[in-house]
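Annotated features, as they stand in Swiss-Prot:
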type	residues	note
DOMAIN	131-240	domain 'Ig-like V-type 2'
DOMAIN	421-501	domain 'Ig-like C2-type 3'
CARBOHYD	N101	N-linked glycosylation site
CARBOHYD	N173	N-linked glycosylation site
CARBOHYD	N199	N-linked glycosylation site
CARBOHYD	N271	N-linked glycosylation site
CARBOHYD	N312	N-linked glycosylation site
CARBOHYD	N366	N-linked glycosylation site
CARBOHYD	N462	N-linked glycosylation site
CARBOHYD	N485	N-linked glycosylation site
CARBOHYD	N504	N-linked glycosylation site
SIGNAL	1-33	signal peptide
Amino acid sequence: MMEPPAAAARASCRRRPLLCLLLAALCMPPALGLYTVNAVYGDTITMPCRLEVPDGLMFGKWKYEMPNGSPVFIAFRSSTKKNVQYDDVPDYKDRLSLSENYTLSIKNARISDEKRFVCMLVTEDDVSEEPTVVKVFKQPSQPEILHQADFLETEKLKMLGECVVRDSYPEGNVTWYKNGRVLQPVEEVVVINLRKVENRSTGLFTMTSSLQYMPTKEDANAKFTCIVTYHGPSGQKTIQSEPVVFDVHYPTEKVTIRVLSQSSTIKEGDNVTLKCSGNGNPPPQEFLFYIPGETEGIRSSDTYVMTDVRRNATGEYKCSLIDKSMMDATTITVHYLDLQLTPSGEVTKQIGEALPVSCTISSSRNATVFWIKDNTRMKTSPSFSSLQYQDAGNYICETTLQEVEGLKKRKTLKLIVEGKPQIKMTKKTNTNKMSKTIVCHVEGFPKPAVQWTVTGSGSLINKTEETKYVNGKFSSKIIIAPEENVTLTCIAENELERTVTSLNVSAISIPEYDEPEDRNDDNSEKVNDQAKLIVGIVVGLLLVALVAGVVYWLYVKKSKTASKHVDKDLGNIEENKKLEENNHKSET
């Protein structure tokens, strides 16, 4: 007669109590509020057995549960023999380590290690279990923005790029930012799509978020980034990509023309460059340039060059886009300065002649005119009604435009004043009463050559000492000690004429009238002018009083004046008579 199943089971348990305890442990339902161990992908998972080691412990075991609830034993340790055995489970081969206190370690944590592990401590009478749940985390790679657009265009929705985040567990979330602010989806302006792909061999996720964006002009320097938000052992974290900046294309809204010149003002002879630019991006590369008086534009790049400009280049210049939709204009003034000097170059005139000189200018602004003679600035413009030797020299008429840098003109006049030699002789007895000094005052240009001749006897102490030739004048002198009356002749000769003048000189023993060696020509001219004025007044009064008396008086006056001049030129009448008598005696 067979035993009932229940009775048979009880009998079996009495014979094999340990087996019954293990079977009972396997049939226990999962407990709530399980202990969790957080592990990092690739690191070692450490799971302590959270049971108190009982008396009479025979061994300890670790197992994990399959998704369907069935157990898989992986490690065994005997409390008596102190030996450890690892079950033949391929996923955990060479990865397990069970310590004396029944702490289980798993090397090189994987995503597949996310399971419910159970620590079992077995005695003869009981089996104790404590489950541990393992959670594995993998930090993702830094986000990268790939497949970036070459440029963005306003008013156009365009793929900006893809933010790729690799090897994350659990899967993370990707967010786009512009200048540090979250980009929220806006229809036809901001379009974001996220895809997640799991690697079946590793269990890791790769997230790809694409961004389509319609920019504005203000986005020209905007920084775009993407951030992945993921979970780690210590909580939620984020990683940001490197920022990227995109070139934003937008149409030209304004055209500007500028004048490129080395100075603020333009003068004749300068090179001028006109530059046209548009505020679009990219800027226009070609424009139409309009010069004054022309209706058709000249097609060119963004610059138009004019070389060696003239005054007729003054006017309004324009530039426009090729389609002529936008235009700008600017005015150019080419400054000029003309100078006309009459006469100019080398001019030769005779002394006493008149020479009209004019320096006229024509300019775009008021100009300053000044004269320079022989490197010295003149106070007034030269005027020659009666040329004198001192008027000769190098004249420069110079004019400048103060407001225009580098604009000045100058012309030169080299004035040569020629004259035939003019001679005036003077004599003076020296203080030692032993000699006389005879001076020949000479005027003329070119400079006359002077020669002396002596008629009579007498010793020539010092001959031909010449003063400096200044303003067409110089003097030559000799010192003589005549033993008798002599005649000295001064000969002055230049390219125009030869002039000869003689002077009678008494013997040193005969006193005579001495003339001053030199007189100031200006003073003599003033004296002559005053004399003429006085004579004129006197003559007028006498004419009113008595015409006949005045005529007689004038006749007498002129006779006396003539005799005085004769005396002055020849020495005096007495001296001449004495000289004639002495000469006559000598001849006898």
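Glycine residues also receive a Cβ, built from the backbone N, Cα and C atoms like all the rest.
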Between the glycosylation sites N101, N173, N199, N271, the one whose Cβ has the fewest other Cβ atoms within 10 Å is N101
Position of peak Cβ density within 10 Å, selected from the glycosylation sites N312, N366, N485, N504 = N485
Candidates N101, N199, N271, N312, N366 (glycosylation sites); nearest Cα to N504 (N-linked glycosylation site) turns out to be N366
Over the domain 'Ig-like C2-type 3' (421-501) the mean pLDDT stands at 89
Take the C-alpha atoms of N312 (N-linked glycosylation site) and N485 (N-linked glycosylation site) and report the distance between them in angstrom, rounded.
-> 81
Rounded Cα distance in angstrom between N199 (N-linked glycosylation site) and N366 (N-linked glycosylation site) is 87
Pairwise CA distance, N271 (N-linked glycosylation site) versus N366 (N-linked glycosylation site), rounded so that it is a whole Å | 23
Of the glycosylation sites N101, N173, N366, which one sits closest to N485 (N-linked glycosylation site) when you measure Cα to Cα?
-> N366
To the nearest whole angstrom, what is the C-alpha distance linking N173 (N-linked glycosylation site) and N101 (N-linked glycosylation site)?
-> 41
For N366 (N-linked glycosylation site) and N101 (N-linked glycosylation site), the CA-to-CA distance in whole Å is 110
